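Right, one structure below, let's go through it.
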Amino acid sequence: MSTKRSQNRKEIRSYIRIVRNSVTLTKKYDESNKIVRTAFNCNIIYNAKNIACFLSFDGEINTYPLILKLWLNNKNVFLPIVSSSYSRKLFFVPFTCKSILYYNQYNILQPFYNMKDIILESDLDLIIVPLVAFDCRGVRLGMGGGFYDQFLKNWERKKFIPIGMAYDFQFVNYIPRQPWDISLPIVLTPNKIHFFHQN
């Protein structure tokens, strides 16, 4: 990605979303299966038990192959629930092959749930996080809603580890950072596990 383009958050978001939505079905299939192999070469994922993930939206890399692999390896999978656009809060509920899904206010699939199903943050081992772009410092650029920024705030003080998941082309040299932006310690792409030093 050009240096000029990488200087503007809005341009980065727009450009990557266009590229992401232009990925062919064959490429999507290949890349989503490659990232499963990459994920299970990451000891943090391999050894985790309670794993929060997400369902793909807006051209994001397909997470279903990874979720299936997690189930087959006896991992407990959880999906995010968006409480409201006002509070910008996320919480996570179990996702199994028997879960019934519906479209929320953002047209994103999420499970029907009871309040008693919500898992405590302290019981999550890791959270696989969607993103639009990431840079050489691990700075994450999301869709702009702020839900994950809010949930991941001060994640270093919590038990879970956040791990980004993206196509390789979603890496950019530099993202102009805002105070609310989160730096991820790890980002998975089909061809690489990116580790970032946390200051």
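Every residue, even glycine, has its Cβ placed from backbone N, Cα and C.
Look at Swiss-Prot and you will find Arg9, Lys10, Glu11, Ile12, Arg13, Gly142, Met143, Gly144, Gly145, Gly146, Phe147, Tyr148, Asp149, Asp181 tagged as ATP binding site, backed by sequence analysis.
Overlay of Swiss-Prot feature records on the structure.
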residue: Arg9; record: ATP binding site; contacts (Cβ under 8 Å, 6+ apart): Leu141, Ile175, Pro176, Gln178
residue: Arg13; record: ATP binding site; contacts (Cβ under 8 Å, 6+ apart): Val132, Ala133, Leu141, Met143, Gly144
residue: Phe147; record: ATP binding site; contacts (Cβ under 8 Å, 6+ apart): Pro80, Val82, Arg88, Lys89, Leu90
residue: Asp149; record: ATP binding site; contacts (Cβ under 8 Å, 6+ apart): Gly142, Trp180, Asp181, Ile182
